[in-house]
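Taken from TrEMBL, the feature compositional bias 'Polar residues' covers 499-509. The region 'Disordered' annotation in TrEMBL covers 1-29, 496-532. Per TrEMBL, transmembrane segment is recorded for 45-67, 87-107, 119-141, 220-237, 258-277, 297-316, 328-349.
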Amino acid sequence: MEEAAASEDKAGYGPNGHAEGPAAEGRRGGGAWLRGCRGFLRRNALVLLTVSGVVAGVALGAAVRGAALSPAQVAYLAFPGELLLRMLRMVILPLVVCSLVSGAASLDTRSLGRLGGIAIAYFLGTTLLASGLAVALGFIVRPGAGASALNTPGLGLPGALPTSKETVDSFLDLVRNLFPANLVAAAFRTYATDYKMLLRNTTSGNVTLEKIPVGTEIEGMNILGLVLFALVLGVALKKLGQEGEDLIRFFNSFNEATMVLVSWIMWYVPIGIMFLVGSKIVEMEDIVLLVTSLGKYIFASILGHFIHGGIILPLIYFAATRQNPYRFLLGLITPLATAFATCSSSATLPSMIKCVEENNGVDKRISRFILPIGATVNMDGAAIFQCMATVFIAQLNNIDLNPGQIFTILVTATASSVGAAGVPAGGVLTIAIILEAIGLPTNDLSLILAVDWIVDRTTTVVNVEGDALGAGILNYLNEKDKKDREQELKEVTVEAIANNKSETETSPLVTHKNRVSNTSSTADPESKESVL
């Protein structure tokens, strides 16, 4: 019997047949490890699928590239990715309007003004830093030096040059779009100045051409006007008080329903990203020629994005919050991958709001107030791209930039990035504004367009990263301010109680009453009877 018991103990089973001993503990440890792995996979399934979609898209594009697909076949290959873009753009309008109205209405006037001022300072400061970094890198790396022989056949897109627009008209269009004449039309049309040429006969008999600005409407959502209207409407509903509660609840419900739609769309993101990346790789005509001819420009632009997005922005976040910025960014892998694949800040907005709230714990009132504004106003990556392209074109034409032109580049890039469209290749149009402002030719913009599909991906990633880190900073400052106010209220309450006690102890009337009551209460019954 003892030998049998010993053999059972060695095998890991007790005399009653239950698992015991080191073998059982090992099995229990293995089961806990499997449960932990399952939990990790369940929590991060979307992130892993998104990253896998990018890798699979690169492999798909490389595999299909040698098949010599026709343009129609490439369009069929990109169809699932096109569906993703259409779904994301579908929810932009209700998401921006409803989130800004509910966010502005949920914040009190003091917090709204304070957070709005901090957000504007953060957006302008980081964009100016990005512009300065790009100009400095341009002078260090010199991407356009010795590249005057870039007029190679097949390099550049000669038919895709943007129309030249006066700098003043560009800024006037920005102000006009802040106040749309028709809110319904602002959902799909944007005001833009065009020009028509008129023949003028002078007194001397010569004929001159005069360029006259003409207002036109172009395709594209006027996001600036919708953002301003939604903010003002939210503040107005807050001012109405009880009468505006019903409409505020309507926008809150609409916003929550939109976020549910976003959560459903997010599960399609890995499939759409795979076909978007794959089709873009197939569309590349001669990647070797582009890299050898414009390699220094591509390297300088991506290096600027890496330094700004990987070092400067995290340092600003750490200085403001004393928290690990890379842990914050770890929760944003899905929207960052979406930005890399779609090249659109606006299309990334739905997934960014969802991940910032769920993964990083940012207050809904902060995220839905600041992220739509940031997707429109904050364009750090675009500022780097524009300044680098300007320095590149100046060096390409052997033009030395003076300090006045450099200052003009910084200011114009910072201001024009506010109105840059959050769509693919939206920043290229604003480069023409900077070139016109400092008197550089716009003919070489075709070279920028030729590699824009490469640089625009890191540009969009830095744009949305700056928005997310700004939301994190504002959330931290808002919570800190809330704690400080609660502490002040506690101190005021404690002081009020202490003052009440001191008045009770030192008041002569209260003391006299206490004495009377004490003497009457301490008097014996006989004395009471004698008095009676």
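Note that the numbers count up from 1, one per residue, in the order the chain is shown.
Every residue gets a Cβ built from N, Cα and C, even glycine.
Caution: TrEMBL annotation is automatic and unverified by curators.
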Beyond the flanks of the transmembrane segment (258-277) by 6 or more, those residues with Cβ under 8 Å of it: 46, 49-50, 52-54, 56-58, 60-61, 77-81, 83-85, 87-88, 91, 94-95, 98-99, 334, 337-338, 341-342, 350-351, 353-354
Going through 45-67, 87-107, 119-141, 220-237, 328-349 one by one, which has the most CB pairs that fall under 8 Å from the transmembrane segment (297-316)? 119-141
Which residues, given as numbers and ranges, are at least 6 beyond the ends of the transmembrane segment (45-67) yet have a Cβ under 8 Å from it? 77, 266-267, 269-282, 284, 333-334, 337-338, 340-341
